[in-house]
Amino acid sequence: MNHFLDIHKTDTAELRQMMDSAHAMKAARKGRPKGQLDEDQPLAGRMVALIFEKPSTRTRVSFDVGVRQMGGQTMVLSGKEMQLGHGETIADTARVLSRYVDLIMIRTFEEATLLEMAEHATVPVINGLTNRTHPCQIMADVMTYEEHRGPIAGRKVVWAGDGNNVCASFLHAAGQFGFDFTFTGPSTLDPEAEFVGYAREKGRRVSIERDPAKAVAGADLVVTDTWVSMHDPQSARERRHNQLRPYQVNETLMAQAKPDALFMHCLPAHRDDEATSAVMDGPHSVIFDEAENRLHAQKAIMRWCLGL
């Protein structure tokens, strides 16, 4: 039994195994209807709980479709239904769910909730997102880069904007997959020192550059994310926009990157805020391949968790 809690907590060779599996499963589905089962149906007879304390469209649909394609069934539980940590303890919830299902995916706010769930569950637990990290997204992003440009090792990845949970998982991936990483954004939104330190300890070059044009110079991949959360009050939204406007990914900024550089955004996006529509729909953009690859990467993660 394997938990998938964070990229840096997983062996490098096993991450490579998952990545190769994701590419192979995607290739095997080429031309098939979306609802047609995979030939081997590795999850036949298995039940997967999808817990959403924090709601999501992409995570829910991609995991649900992935389980169904592999022959399994899903049970989707919202935060309101679960009352995580209120009343019944998370530990007891984990123990009970483990009696009903074969695998648990949880998308939650606090990392502590994820870790407690994994500590007490007797089935594998997958981190669908916490406020600190988003490893499933980055597995899809690395897959997408490899699909278009080959190995990501030795490449320069630039993150523009807020050093958030997705940025944190990119730093974990830099250490595991061997690419260099530059963050450009206001100092108040720098990624946590812990994440930067991890990538550096693994021998990767990690830099912080306040000038976005200098940061993006020679980049192989430019990535950004939303500037605001759905839960942010209006005052915080205005403050964030003022802070981050200089770090918008537009055509002028992308021109500083390599001619064959890719652009990624995990979506949903606020078009013409963190990135212009011209970039999102332009020749560098692979955002919809990136979105699709959540499905294939997560299928590979589920197989690995169950030892299939």
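Going from the start of the chain as shown, residues are counted 1 onward.
Any Cβ shown, glycine's included, is placed from N, Cα and C.
Following the DSSP three-state reduction, the secondary structure of C266 (carbamoyl phosphate binding site) is coil. There are 20 other Cβ atoms within 10 Å of the Cβ belonging to C266 (carbamoyl phosphate binding site). According to Swiss-Prot, the carbamoyl phosphate binding site annotation covers S56, T57, R58, T59, Q83, R107, H134, P135, C136, Q137, C266, L267, R294, on the basis of sequence analysis.
Positions annotated as L-ornithine binding site by Swiss-Prot: N165, D225, S229, M230. When secondary structure is read from DSSP and collapsed to three states, S229 (L-ornithine binding site) falls in the coil class.
Taking a C-beta cut-off of under 8 angstroms and a sequence separation of 6 or more, R58 (carbamoyl phosphate binding site) has the following same-chain neighbours: L267, P268, A291, R294. Taking Cα separation as the measure, C266 (carbamoyl phosphate binding site) is nearest to D225 of the binding-site residues N165, D225, S229. DSSP assigns R294 (carbamoyl phosphate binding site) to a helix. With a 10 A radius on its CB, H134 (carbamoyl phosphate binding site) counts 27 other CB atoms from all the protein chains. Listed in sequence order, G161, D162, N164, V166, C167, H265, C266, E274 are the same-chain residues six or more apart from D225 (L-ornithine binding site) with CB atoms under 8 A from its CB.
Local packing around the Cβ, expressed as the count of other Cβ atoms within 10 angstroms, is greatest for N165 among the binding-site residues S56, N165, S229. Of all the binding-site residues listed here (S56, H134, C136), S56 has the Cα closest to the Cα of S229 (L-ornithine binding site).
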